[in-house]
Each structure stands twice: as C-alpha cells, then as structure tokens.
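Straight from TrEMBL, the features:
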- 956-965: compositional bias 'Basic residues' (COMPBIAS)
- 63-341: domain 'Band 3 cytoplasmic' (DOMAIN)
- 383-942: domain 'Bicarbonate transporter-like transmembrane' (DOMAIN)
- 947-978: region 'Disordered' (REGION)
- 414-434: transmembrane segment (TRANSMEM)
- 454-480: transmembrane segment (TRANSMEM)
- 501-523: transmembrane segment (TRANSMEM)
- 628-646: transmembrane segment (TRANSMEM)
- 666-684: transmembrane segment (TRANSMEM)
- 714-733: transmembrane segment (TRANSMEM)
- 754-778: transmembrane segment (TRANSMEM)
- 814-833: transmembrane segment (TRANSMEM)
- 840-859: transmembrane segment (TRANSMEM)
- 891-922: transmembrane segment (TRANSMEM)
Amino acid sequence: MNRQTTICNSKYLKRNLSLLKSTEIQTGKFSVTSLPVHLTVSPAAERLRYILGDDEETMPTPTLFTEMDTLQQEGDELEWKESARWVKFEEKVEEGGERWSKPHVSTLSLHSLFELRTCLQTGTVLLDLEGYSLPQIVDDIIERQIEEGLIGPELRDKISFVLLRKHRHQTKKPIHRSLADLGKSGSGVSECSIFISIHLYTHCILHNSRSMNDIADTPSTDQLKNKFMKKIPRDAEASNVLVGEVDFLEKPFVAFVRLSQATTLGGLTEVPVPTRFLFVLLGPLGKAKSYNEIGRAIATLMVDDLFSDVAYKARDREDLIAGIDEFLDEVIVLPPGEWDPKIRIEPPKKIPSSVFNLNELGQMNGTAGGGGPLGEELAYTGRFCGGLFLDIKRKLPWYPSDFYEGFHIQSISAVLFIYLGCITNAITFGGLLGDATDNYQVHLANFMSTFLGTALAGTVFCLFSGQPLIILSSTGPILIFEKLLYEFSKNNGIDYMELRLWIGIHSCVQCLFLVAMDASYIIKYMTRFTEEGFSSLISFIFISDAIKKMVGSFKYYPINTDFKPDYVTAYKCECLAPDTSKSILGIEHVTFEMLNITALDWTQLSKKECVKYGGSLVGKSCKYVPDLALMSFILFFGTYTMTVTLKKFKFSRYFPTKLRKLISDFSIFMSILTFVGLDMLIGLQTPKLIVPTEFKPTRADRGWFVMPFGKNPWWVYLASFVPALLVTILIFMDQQISAVIVNRKENKLKKGCGYHLDLIWVGFLMAACSFMGLPWYVAATVISIAHIDSLKMESESSAPGEQPQFLGVREQRLTGILVFVLTGVSIFLAPILQFIPMPVLYGVFLYMGVASLSGIQFWDRIKLIMMPAKHQPDFSYLRHVPLRRVHLFTLLQIVCLAVLWILKSTFLAIIFPVMILGLMVIRKMLDMVFSQHDLAWLDDILPEKEKKKKEDEKKNTKKEKKKGKGGNDSEDVSVLVA
C-alpha cells in the first residue's frame, strides 16, 4: 500500500478551464487556444471542458450531501452503519461510536485514488437510471452485472440481501457493542473484517419470516427531526456510498449509479434528502481498510465542486475517469515521514473561489483586492445631467424594496448603534462648533439645532439619495472650515450668518453644476491611495476626539496626586464669606438673598450655593473629585473593550450559532446598557448626556431663519463665491470618497449606487441648512462604514467546518430614516437619555474610529513595519512586491497623512480641501517611483494606464493571431476541435 498521503484541492480544474476561456480565439471550425508552454492543458481537462461546456449561464448543480455506510454485524444481525459524512468537509464517527468528529479536510492515500479509478474502469456504471425505490435500483445493478458477466446469477440473492439490510445512522445508538470497537483504523472508521458465511445468509433467508428487504420505505421520525438538516441547503441532493466485505465474493462488486431524478429512498440516508448518486463496493474478505479508503475517496470527490459537476454531466464511464485524472493532476502529495496522516487538518477560514486567479495569468490588477469603482455609475455620458438621469433610472426599480427589506431584527441593532453614534457625533462636533462660532449655530446648553439639522438632513437624504446606506453628519473638515470662516468674519466686521448663507447658496449652485457636467467622473482617479489617506484621517479624528474628551474629564475632575493618607486631617474645603462691599459692587443684579448674606451660615453651604452667593472655596480638597475621573475612565474603556469582545463573539465556540450572532449584532447596545447600569449602581455624578428640553434658537439675537440681505455690503454676496469654491471642493471630496468606500466591490452591493444623485441632494440640503442657520452636513465616513458593518449578511446554512459566507449588505432605507427620526425626537426621550454617561458614548466613539481602520490595507501595512518577516501575515501583495517597496509606499502614505493632520490643525487649514485633491496629484506622481506591477498590488491602476494596458493586450492578440495563422508557434499553441 502506498504510504503517501494526498491533500485534495477543491476547484482544481477551474485554473485550466478559465485559462482556456480567457485566451480562446474562435477561428472557423477550430478553437485555437494560445497557451504558455508551462500551462499546457491536459487531455483530461480538454475532455472535461467539452463536457461542462462554455455557457456561463448554465444552472448550477445542487449541493451534494454524501454519506458513507460500512457493513457490520450486530450480534446475528447484519446492518449498514453510518461511518462518515460530507457536506463540504469530512466528519467521522469517532471510535467510541457516540459522537461526530470535528469537521476536517479529507486526506486521502494516493493508492486509494488509483484503486478508485480501477474500480470505475472495471465496475458497472449506470447513468440516468430510472429509479423509484432501493430494491428496484439494486435489482437493476445486479442485472447489469450479470449481463456484463461480472458476477454469476447464483450471487443475485446474496448480494441483494446484503444491500437491502437496514441502515443504522449516528442518530441511533447501537443496542450491542459494535465490532468496530474491537479494531482500529488509520482513518478512524471501522475496518474490522465482517466474517459472513454462506450458512448465515441461508439461515436468514430460510428461517426468518422477514422479506429480503430490511430497509424502511419512508424516512423515519429520527430522520425528519434531524437538526443536521439546518446545515444542508434546501435544494441539496444525496450521494450514498456503501462499502463492506463478504466471504462469498472472489472479486469486488462495484457499481456507480446516477439516477435520472433524485429520489427519496426511505431510511438510506441520515437526513430526508433525495438520493441522486449511489456507489457500492463489496469485496472479498481481508481488504476492509482498502475498501474503506476507496469509499472515502469517492465520497470526497463527490463533494468537490468540479467533480460533482462532472458527475452530473458525464455521458459515459470515460468522462468520470477523466474527472479523476484531472483530480490526480492537481493533488499535492506529502511524504509520509514528514507528516502524520492521523492529524486532522482544520478547515481554512477562507476558501478561494477559484485556484485559477490573477496570479497565474500575470494580471496583478488592483481589482483583485476590491479595485476601483469602475463601472457605468461613473461613465461620462457627455449629456446634460446624463449621469443624474442614469442614477434615477438605476435606483427607481429598487425603491419599494428599499423599505420592506428593512424589516429584519438585524435592522434594530443597526438603528440603535448608529443612533447612538449620531447623537454622540452631534454633541461632540456640535459642542466644538458652538465654541468655534460663539454659539451662533450650536449652544453648549442647547443642542436643539444640531439635533434638528441632523434629523432634517439625514431623513431627506435617506429618502431620496442614490446610496441610502451613507449617513450624513457634521465632520471634522467642515468644522475646521466653519471655525476659520467665523474668525475671518469677526476680524473683518462681516456678519457671519449672512456670509455663511451666501457661501451655502453658491456652493449649492456649484454642486448642481458639477452634477450637470457629470463631474463625478473624476472619482475614477481616486485610487486606494486617496481613499485610505482620507478615511484614515477621519478615523484618527474620531479616535483623537474620543481620547481628548476623556482626558478632559481628568482636567475637570483632577486627581490629587499629592494626597498623603497620614495628613488626611489637613484636607478640607471651607466656604468663606465674601467682602460684602466688594461683592455687591461686582454683581450687576443684586438679589434680596445677596443683601442678607450676613445671615447665612457659610459653613453649611454647598459648593454651588457658596459660588452662587459670592463666597470663596478655600482648602486643599476643593478641586479634587478623584472618583469621577477614575469612574469615567472605567466607563469609557469598559464600553470600548466590551463592545470589541462581544463583536467578535460570533467566532467563539460557546453557545449556538444564532445566539452568538445575536450577541454580536447587539454588542453596542449590550455594552451601553451594562455600563449605564454600572454607573447607576455606583451612583457617582459622572457627566451625563445633555438633551435639549426646550425648542428655541441658539442665541437670543438670531431667529429660526437667516435673512440674505441687510447686514453685509453687496460685494460680499459676490465675493462669497471664492470661499464657496473651497467648501464645494471639500464637500465633493468628502462625500464622494465616502461613497466610493461604501460602494467598494467587497461590500457586494447589488442595487447600484448614485454618485450624482447623492451630490445633488447634499447641495440642496446645504442651501436649506444655510437658510435655517443649521450646521452643514456631508457623508460621515466612519459612521457610514459602521452602518455598512452593522448590516452585513452571512449565510445561515453553512456546511460543518465552513465559515459563514459573506452574502452582502442589507441594502434599504429604513434604518437610516429611523436613525434620523429618533435623533429628531430625542427631545422627548430626555428622561431616558439623561441617564447615559458621556464617557460611555466616548467609548462608542472610540470603537467606531478603531473599527473603521480594521478594513484598511494602509493600517495593515503600518503594522507590518513593526513585525519581523517570519511573523508577517501572508498578504497577497507580499508575495509579489518586495518588502522594502511595500514599506516605502507605506511611509509615503504616512507622510501624506501627517501633512493633512498638520494642515487641519493650523491656520493653513483653509487650504485643507485643496490638499485632499492634492492626494490625487501625488498618486499620479507615484507612477514615476513605482512600477505598474507594484502599484497594481498595493493600489489601483489609474484609468489611463488601464486603457493603455488593454490597448497593448489587443496588439498582442493581433500578433498571436498572425503567428497562429502562420503556424510558427507550435510550442505555445494547442488546437482543439470545436
């Protein structure tokens, strides 16, 4: 027996078939395929290509559930006992016989594959057999064997008797000790010889009152209630493998059967799945292990995607053998001395969709990693508003489904998560905006305007935009511009709100112009380099603001580092009465209480009362509240860590899958509830969420609407066009880069996007918010990414050992609308929201910033700088680009990010929008530093480079055609008869 072990490669033929299709040139009666010498297609691959055909729209074959049963003896009874099963990976019945093994990758001996090939060559192959019951199928198999002279007629009853014995599945516990417990096998499946004498068969047939058929005609209750059905797709079919040894055969009895229609064969299969394939192997005594390995080999092949296609479409025996030959061409053999065959290989976390990929074609296009957003959405139409009309046409058919598809329990967790993120963002940026504009837009004690603006802009955008998964909010870049604009207005005696209104009007008109001219076409030049630079900046702003707010609590409630327990008697805080004459003179509105301050007992006043009546606090402990700073940090860091832990809980081994997923989906909500409860339990006066309780403008000297005329000179209305241009650039870049990130191919969005439609609504909302004196709103990159992550869908039915497959994102408008409606009615939720500590929301803020970095290649490459080469992950770009070039590219991105950060933090922030555009220019210059090969793996290829590459490929194709006609390239061209 060959001791070498073979690891089977799924989808092994995809490489050859894809290569044939990708380079095929039709020339009359022949199909001429130009191939490199080292990728010459084998005859088996050519045959299978002809079997499977070229039609890519062919209906996919059903998923196969494969069960292998071995013949065993329980006392005086014969039965087929389930020993292994496959959906995608192998599960064996453990030697104790009471549990399934963990799913693992099947490892086969090379010898078993050759023996299987011999079995199919010499045995019976019945394709598209009309079968309605197991006895009828067995009779047809035996009849064919007799016709072909493989067995004698005298063996008919004996073989039929064996094949029609009852099947004991793993759901049933054996009454007696199985003979499998007496022997051990290298594969972990029963291999003991079952000595069955002719006398035993004669005794059973002559003296038992039972019929020859001992198998149930209909599925049993155990089969119908089997929970394993949840792991099998609904349209699945079964393939049954029966192997065993008997003493009345001198040579193996082999049959491979494909039924014309899948048929439920009673108790044959563990689960009530109709059977489509049947493989039978009965042989002489003494070779149980060999038969078992052959059964595992055919079972493993049947669940392989490519071989199952061959099995469904094979026309004769030779087609099946060609499938095995191609399988043998692709297997990897491990030397027996270097590896223990008993080791079970864990299923990979991610299985490639095809072994044939861009690596083997030499095409390192960046789309392998997600690619640029190249498509009809960004095609330049050359018509007035052509792109806008296409967006409307593309999105309109999906509009009804955008609402009813939002009714899912996952939407609830997404709404709660994004709602808390939005109000935290509104309060954080609202407070900063209020400080920056002297409360013209937001007042620190009244966040009504920012809540109202967020609700208004967000709801309208989610109702009518092209990509409703994008969340609008105040952003760091907008805040920077607002701050600079207010300082400019204040220093030059210009009315800020009126100037801001005209800038908003001009910017709205400029956005409309960009939409009309299909200017979003420029997004094609935003490669991964630009996207990652901008999104990293926004993520770091979130992280920075969360940490700054947390550090601020330590400044507001400082810890007394000079505290000494031995001098605790010296720590006190007293309220001293003020100098009456000086105190009253310094106060504008003198109250009756202030005139009677001499009557107060100053030693009994609280801190607030002491300050209110003009007293002074004296003592070493007056400024220190150490409990609040420490408690705030516990709430902040605890919320973040608990959220991260619960988010990863779906990958843990505890609790059922549905419960793990539910915990993961509601991780944010559970973390907030936990630490709000902890805060209430401790009872400290930690800073709480400030919710407006009255509906009024932010300042007494401004109304609900801003008037466009009357406060500034006429030339200001025209000159505001210049700053409006900077705002438009900022909004365009911020909005469209966020849209590109949301619409990336790896998110598997199916309803298309609408860059032009999004931009026109942002322009309209900007004008509306300017008239109402509300903050400007644009796509919030971090919150939008969080929204996408909270709505990701995974396959519910996954094979044992297989990781749930990412199916896409739940694309709908309902979650966004509910988020902004809740934000608008937050004033009515004040009794509830006022219990939420601000450090808890800062923890959510920190999580959103960190989580948005996780999917950025730039961040992965930063971590590579600090890793020794032997510990670096196996990223695809590390296989094709030298490490020093990877680090150089990363360092250039770090420098660009640092420049952007410095610009936004200094007086030069006014040119910040232009510098974001400058990232595209820098990316263009990188073509002179890096080769297209390196950039294709580390970034995306620019459109003109891609166009040039396609033109070069066309030229090469023409040259190959000429060479093919001349017959001068016999080594690289193989001719296939069409």
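Quick reminder: no glycine exception, Cβ is built from N, Cα and C everywhere.
TrEMBL: automatically predicted annotations, no manual curation.
Same-chain residues lying 6 or more positions outside the transmembrane segment (454-480) and placing a CB less than 8 Å from one of its CB atoms are 391, 394-395, 402, 418, 422, 425-426, 429-430, 432-433, 436, 537-538, 541, 545, 730-731, 734, 738-739, 742-743, 749, 752-758, 761-762, 765, 768-769, 774-781, 783-784, 787-788, 791, 809, 811-813, 816-817, 819-821, 823-825, 904, 909, 912-913, 916.
Taking residue pairs at least 6 apart in sequence, the transmembrane segment (628-646) and the transmembrane segment (754-778) share fewer than three C-beta contacts under 8 angstroms. Regional average pLDDT for the domain 'Band 3 cytoplasmic' (63-341) in the model is 80. In terms of C-beta pairs under 8 Å, the stretch of 628-646, 714-733, 814-833, 840-859, 891-922 lying closest in packing to the transmembrane segment (501-523) is 714-733. Tertiary neighbourhood of the transmembrane segment (891-922): same-chain residues 476-477, 480-481, 483-484, 525-526, 529-530, 532-534, 536-537, 540, 726-727, 729-730, 733-734, 737, 858, 861-862, selected by CB-CB distance under 8 Å and a gap of 6+ residues from either end. Sequence-distant contacts of the transmembrane segment (666-684) (same chain, six or more residues past either end, CB-CB distance under 8 Å): 413, 416-417, 420, 627-628, 631, 634-635, 638-639, 642-643, 645-647, 649, 835-837, 840, 843-844, 847.
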